[in-house]
């Protein structure tokens, strides 16, 4: 098998507000370097999204490579959202969850004159992953052996299910499972990440009760909106962790039936959301089709 090794390491969905004062990639790299150079070396800028940027960094202490998520904090809402992500990441310990290491708040205290003197951000250090599930899906056409591809898809799906099962056992709803937010380590291990809009599920007399948890950020990011469960988009007053299972259904659909264009993908997902579900025929293997019908 040969693949496209281009790195598209980005987080999706936990976007924070940006303005005209946001630093450029070059300015942000310089700003970070002046702060972390005693402990880390910035290897490269590897991703950018609605949230901010991701850098590959190397520790000068243990010589290991990490990912550093840098999120501008332009409002109290940004601070609240990112604090929630850190809290969730810190409590989750599982082989199929991106491992959190530490985080710190960084302000511009005159160390970089080219950016807004009031600029501040949150730096989140997590384990480094080589690619995303999106990369894997886009590279499936490079597999010469379809049996090998089928084995790999099932392995990846099994690890995704293990990770989701774990976060649900911890009473956490992810709410933003997409191929971009599911990572693959160098060894191929699945790592679920981006818990910026995750929520804790509270149980009252055995009934899920989470109140009104509409988040306008869910509808502002195209990629996130595409995978979002209907009840979340419709701002229902309550729902439970089955919204993650809906996301899983869409992801499985795409893993076994990759789309040729974004338009084709949007049309298929819209049909599913409107209950006009149409599983491609023939859809093999049959067991995956049965799982899809159950999830969607």
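Placed from the backbone N, Cα and C atoms, the Cβ positions cover glycine too.
Positions annotated as ATP binding site by TrEMBL: 69. DSSP assigns residue 69 (ATP binding site) to a strand segment in the three-state reduction.
Feature annotation from TrEMBL assigns compositional bias 'Polar residues' to 1-11.
Taken from TrEMBL, the feature domain 'Protein kinase' applies to 40-296. Taking the domain 'Protein kinase' (40-296) as a whole, pLDDT averages 79 in the prediction.
Positions annotated as region 'Disordered' by TrEMBL: 1-25.
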(message) What's the number of neighbouring CB atoms sitting within 10 A of the CB on residue 69 (ATP binding site)?
(response) 27
